[in-house]
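Annotated features in Swiss-Prot:
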BINDING   27-31, H92, R125, 176-180, 207-212  ATP binding site
DOMAIN    24-254  domain 'Phosphagen kinase C-terminal'
Amino acid sequence: MSLDKIMNEAISPWMKGDGPDSDIVLSSRIRLARNFKKYQFSTMQNEEETKQIQELFKKEFINKTVEPFGEFELLKMNELTPLQRRVLVEKHLISPNLAGTEYGACLLSESEHISVMLNEEDHIRIQCLFSGLQLSEALQSANQIDNWIEKEVEYAFDESLGYITSCPTNVGTGLRASVMIHLPGLVLTKRISRIIQVIQKLGLVVRGIYGEGSEALGNIFQVSNQMTLGKSEEDIIADLKSVIQQIIQQEKMARELIVQNSSIELEDKVYRSYGILANSRLIQSAEAANCLSDLRLGIDLGYIQGISRNILTELMVLTQPGILQQYAGGPLGPEERDYRRATLIRERLRIEKN
């Protein structure tokens, strides 16, 4: 695996799979926050300590195969251009926070479904991504990587509190589990606000597609646990999975209601969006996201035939500003991005239909 391959292949291999409930759940993510006993927290570290952590990973974990994940590549933020960092964020491989650091780094697996962020808010954050609703599978992979790393380093751990982290909400298991979920039915029936309120009362967090502070573009929401203290990893996963399954049922009911009461209006909405995507010469990211959401809904309901349902996930990533500019070989103005976005979508749909 090389940096060029990571940058030039916008769609990570894990995105191409179909997991359970993938008609509504786009992806599952597990993140484990860990700190090393011998170093100060990242927020208090000096430059030398951050470099030591990078060198530790370069020495112990690079060019070593971990079954079944293969070899890992170390990407240092200060060796990447701002555009390359942005691409990694848009592919969900690193956080915006890590992209903004000079001494952060990312240990990335060949399939790109596992990344270990170094010198972010914590010394390391292990992230595992799976398609569909596969929280338990993602946790299993994260724990394998966690055990692999712990053979070489000693974590900051307290017998009564658990893993010690920079943010108090992560103390305990250090586990943040999240699910990316497509909810056009609940949005169209105007039930989404009530659902979000219920989710929040259960102690969960609802965010946009790129996490904290981001918009729910394309009717895609990210639902995650908040507290990690006092619960086991299995309990956190079970609680979140139970809520997600209820949301899935609510979304299915909302879709059925729309089909029963407004079938022709919904079909018209789907085909109008399909027409925009298939024929536009300029399209902004927000409009593209909304139209792609409609198209995906039309595919899931059987209105549109012959197009993969993965097209929403794929084109939501491919049409992000950073990836468009990476493909173009340099910076693009807003109108140039809109032109390239429209061209890419048209071409992708043409390939699907042929």
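Using the three backbone atoms N, Cα and C, a Cβ is placed for every residue, glycine included.
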What number of additional C-beta atoms lies within 10 angstroms of the C-beta atom of I30 (ATP binding site)?
27
Candidates R125, R207: member of the binding-site residues with the richest Cβ shell (10 Å):
R125
Based on DSSP, name the secondary structure state of S178 (ATP binding site): helix, strand or coil.
strand
Residues near S27 (ATP binding site) in space but at least six apart in sequence (CB under 8 A)
W14, M15, G19, H92, L129, F130, S131, G132, V179, M180, T313
CB within-chain contacts under 8 A for S178 (ATP binding site), separation at least 6
S28, R29, R31, Q222, V223, S224, N225
